[in-house]
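Enquirer: Below: one structure in structure tokens.
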Amino acid sequence: MQKYERIEYLRAKPTENLSGIFNLFAKFRVAAVEELHKSLFKFQLVREGELLHKLSPNLWATFPIATIFLGAYIGLNGRLILGVSLIPFVLYAIAAIIGVIDPFSGFTAALGFAFAQSISGNVTSVRSVMSLIAVGIGWVAPGILSSLYQDILHKDNYFHFAKKFVPDLVASAIGGLIFLVAQLLTNSFVDQVAPIAVSTYLIPLILTVAIWARINLYRYLVKDLHQTGKNYQIRILVLPRVLSPRTITFAFLYLGGTVYVWTESLQFAMVSSILLTTPLALLMVRFESPVIKAFKSAQRYIVIEMVCIATAAFISFFYIQSLPLEVTAKGKLLILSTSVVLFIHGFFSSVFDSSARANNLQVPQEVRQMAL
């Protein structure tokens, strides 16, 4: 992952002070973000807020406060159906679009939603907790992850003319798909045995277009920033590792809770959670070996890897779907097959990373002889 570990962006120097109550809101936002542990998530919250700050510092300061109340309003107006809160379509879409424009505001909306659901007595089981988190993922993750994928795709080597549109289109599509997955995940927690329903394809399509528009609007706003004579900053984050222990722990608990709701088997949920998070844990640690010579100078292509993983997942899904088994057994087989695919990719990523870094970790010959 050496090729993708450096993330940077250009931004105008922040406004020192805003007028009146907006200055208080701005201080609240800055202080709230500063309280977060230094991480990729924190870096992305700051980075993705730059578009709104560029358009209007006052809106940038106000949105997180306003979306807390918006999230609470959505939480109080949602109807509890079969253990999962049903959110009105328009409000659901508005919160999702806000999360694309400014993920931190999407995050505060999710907090307001969770608080309102809790005080209204709708959070009474593992099922309801899992659905709450799934809603939050749908409001925060599309904006953050689409931006990361756009950066990654810009760093891959392929036809120059394709770089003008492929990263933007793929990143936008990924953002829409992430929301669709979060929507399906939320619906999967409904307390009934039935196929998982897709509420709507319209919101994911709207988000895909919104992400594409956000990417191009921000590019337009900062394209001449370094030539205007105004003060600007280059913000850089070099990832010491792909995933942190906190992320792994959250993934372990959430995946375990999700599988438990699906299968009602605590033992299978724990085993599945371990299998699904092991590939993620491999990305948390950098190994010095094994080293494969062919990987030393090779290039990684995330799009190709994504296509391979998706193809393997689809083949596995359709094969398991054709087996003469009950629904629960098919679900368990699908979870296990997914863990195998992810483990193979995680192992490949670790070996590729250790091989690519081998040249940087060469010990000088004199030191090696002294050690011997």
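If you go along the chain as it appears here, the first residue is 1 and each next one adds 1.
Using the three backbone atoms N, Cα and C, a Cβ is placed for every residue, glycine included.
Feature table excerpt (TrEMBL):
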type     : residues : note
TRANSMEM : 59-82    : transmembrane segment
TRANSMEM : 89-116   : transmembrane segment
TRANSMEM : 128-149  : transmembrane segment
TRANSMEM : 169-190  : transmembrane segment
TRANSMEM : 196-217  : transmembrane segment
TRANSMEM : 238-262  : transmembrane segment
TRANSMEM : 268-289  : transmembrane segment
TRANSMEM : 301-321  : transmembrane segment
TRANSMEM : 333-352  : transmembrane segment
Enquirer: Can we call the transmembrane segment (238-262) and the transmembrane segment (128-149) in contact, meaning three or more C-beta pairs below 8 angstroms at a sequence separation of 6+?
Expert: yes
Enquirer: Might you confirm whether the transmembrane segment (196-217) is in contact with the transmembrane segment (89-116), defined here as three or more C-beta pairs under 8 A between residues 6 or more apart in sequence?
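Expert: Contact between the transmembrane segment (196-217) and the transmembrane segment (89-116): present, because at least 3 Cβ pairs are under 8 Å.
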Enquirer: Near the transmembrane segment (59-82), which same-chain residues lie under 8 Å Cβ to Cβ, leaving out any that are not at least 6 residues past its ends?
Expert: 18, 22-23, 25-26, 28-29, 32, 49, 52-53, 88, 91-92, 94-95, 98, 102, 104-106, 108-117, 120, 122, 190-192
Enquirer: Counting only residues 6+ away from its ends, which parts of the chain sit with a Cβ under 8 Å from the transmembrane segment (169-190)?
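Expert: Hits for the transmembrane segment (169-190): 81-84, 96, 100, 127-128, 130-131, 134-135, 137-138, 141-143, 145-147, 149-150, 153, 196-201, 203-205, 207-209, 211-212, 215, 258, 261-262, 303.
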Enquirer: Using a Cβ cut-off under 8 Å, which residues of the same chain at least 6 positions beyond either end of the transmembrane segment (301-321) come close to it?
Expert: 4, 149, 152-153, 156, 158, 166, 170, 330, 333-334, 337-338, 341-342, 345
